[in-house]
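Peer 1: Sharing a structure, written as structure tokens. Questions coming.
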């Protein structure tokens with residue numbers, strides 16, 4: 001994250017610590033969920049915004065990460081952090097497999113394929129209730145023995161920070177450059193010596209493993225896991241978060257996740273209308289502000305004086 | 001064996017309806033070059049339009065079906081005018097991904113709007129014609145016969161429109177080359193609105209026909225949407241006859257899969273996965289679908 005200025009990071013860290021001290025445990029919970037969605041939205045932005053691979057199977061990986069960890073812990077009494085790590089590894093392997101299988105698929109075909117993959121995962125999780133307890137949900141042991149929210153909050157904060165730093169490093173590395181080259185023009189990238197096969201597999205593996213990690217942490221935090229985690233509506237929520245924030249900037253996607261999650265709670269009195277609001281907000285953003293709402297603001301904060309434009 | 005026969009008959013009806021949905025999807029793809037991820041939600045809206053035409057306006061089922069088709073056409077045309085115009089602008093970058101995201105967002109918005117306006121509980125519109133028909137071991141409800149019969153009529157109408165009318169030829173011309181079509185005097189913008197409207201009308205017709213059979217719910221569009229993808233990939237993106245054949249084939253195969261699956265408690269859930277599995281295998285083998293026409297590929 002060499003582009004990020006130190007004072008901004010320090011200010012954000014201080015704000016996070018102060019926030020934890022002043023708010024009630026209810027808003028602490030909102031913050032924890034926001035950070036989990038932040039990892040999901042940012043990793044989807046890495047895959048879709050940077051590498052141009054519009055996958056709708058992202059939440060299926062979150063689901064797989066959660067179920068893998070929960071079932072491993074249940075069957076083998078593995079320590080929970082090891083379970084979460086195995087969930088992440090399983091998602092990385094499956095993710096690179098999907099990336100390899102999808103090599104020749106473009107745009108809408110990739111979207112359809114990944115949507116189909118997500119549906120199959122959801123149908124299997126729903127149907128094999130002997131193992132997964134189906135739609136009623138699988139009870140998952142909690143990560144910590146305490147009901148207090150504060151430790152979870154700092155773990156989520158740490159996970160988010162580690163994930164963001166890793167993703168930014170990847171996005172600003174040679175491979176991140178290759179991702180963007182493939183997004184712009186696959187043939188031209190290949191002709192210029194980009195190893196397209198490997199780059200696509202890496203992009204899918206990386207994004208899926210972050211999704212798996214987020215899903216596993218979510219499962220062990222909430223304590224119950226249903227196949228709905230991988231539903232098209234959940235996928236829509238994450239897409240909305242990433243798009244509202246700005247799909248070509250990782251911190252903006254995290255900001256979008258926090259914004260959407262907070263609004264969702266603040267508008268709880270509006271009932272189900274708030275989902276419609278997000279849908280409409282997503283449509284308006286896509287229609288008129290394709291760089292997202294937060295990314296231009298973030299850009300100005302990070303590079304004062306620099307002209308507006310896409311992160312490259 | 002009798003069970004298999006009934007399943008085959010049901011599968012045929014289902015296949016015809018799938019074909020109607022898929023033809024709408026393929027038409028939108030041919031003309032606008034986008035995959036409409038909100039197609040299943042237009043199917044859902046068609047069902048509710050018919051329901052409320054009966055409940056609130058007091059229409060009888062068949063006029064309500066016509067009203068639902070008209071309303072779906074208008075809704076789709078309106079959505080196209082408000083949301084899809086950036087697709088035609090030269091300044092829009094990466095149109096394919098705009099098309100994916102805007103229609104995906106639309107599907108989430110429509111589904112949740114329906115959840116509030118129509119409520120989460122399944123609604124069942126009255127039957128078109130009550131009762132059942134029986135020929136020997138074969139039993140079919142009248143509603144299924146109506147759905148199959150009207151569905152066939154709708155399919156024939158589409159084939160007629162596309163092959164015999166000026167509007168159909170104009171749509172076909174725009175689908176092959178927007179610039180050349182414009183040169184010979186076809187307004188592409190009109191063709192886009194017409195194409196998307198027609199696609200919506202077909203989805204709406206299917207929804208209205210299925211209402212009395214499967215009941216209406218806000219999430220009823222998700223499954224037919226995936227089925228339509230399977231069919232369109234199988235039949236070739238942009239090919240109307242291909243979608244009709246593939247639709248009927250998938251309907252039959254799926255019903256027979258349910259009939260012959262060894263574990264009956266799981267058969268129904270996995271019959272949905274069956275089509276999706278076919279889709280994934282085809283895409284792996286042929287990334288642009290079976291029978292995909294060259295000029296139909298994304299620009």
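The backbone N, Cα and C atoms fix where each Cβ goes, and this holds for glycine too.
What TrEMBL says about a protein is an automatic prediction, not a curated fact.
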Peer 1: According to TrEMBL, transmembrane segment applies to one of these ranges: B:144-162, B:163-181. Which one is it?
Peer 2: B:144-162
Peer 1: With CB pairs under 8 Å as the measure, which of the listed stretches B:12-35, B:56-78, B:98-123, B:144-162, B:228-253 comes out on top against the transmembrane segment (B:190-216)?
Peer 2: B:56-78
Peer 1: Which one, B:56-78, B:98-123, B:144-162, B:228-253, has the most C-beta pairs under 8 Å toward the transmembrane segment (B:12-35)?
Peer 2: B:228-253
Peer 1: For the transmembrane segment (B:144-162), give me same-chain residues lying six or more residues beyond its boundaries with a C-beta closer than 8 angstroms to one of its C-beta atoms, as numbers and ranges.
Peer 2: 9-10, 12-13, 16-17, 19-20, 23, 27, 65, 128-129, 133, 168, 171-172, 198, 202, 205-206, 209-210, 213, 240-241, 244
Peer 1: Six or more residues beyond either end and a Cβ under 8 Å away: which residues meet both conditions relative to the transmembrane segment (B:228-253)?
Peer 2: 8, 11-27, 29-30, 35, 39-40, 155, 158-159, 162, 175, 274-276, 278-279, 282-283, 288-293, 296
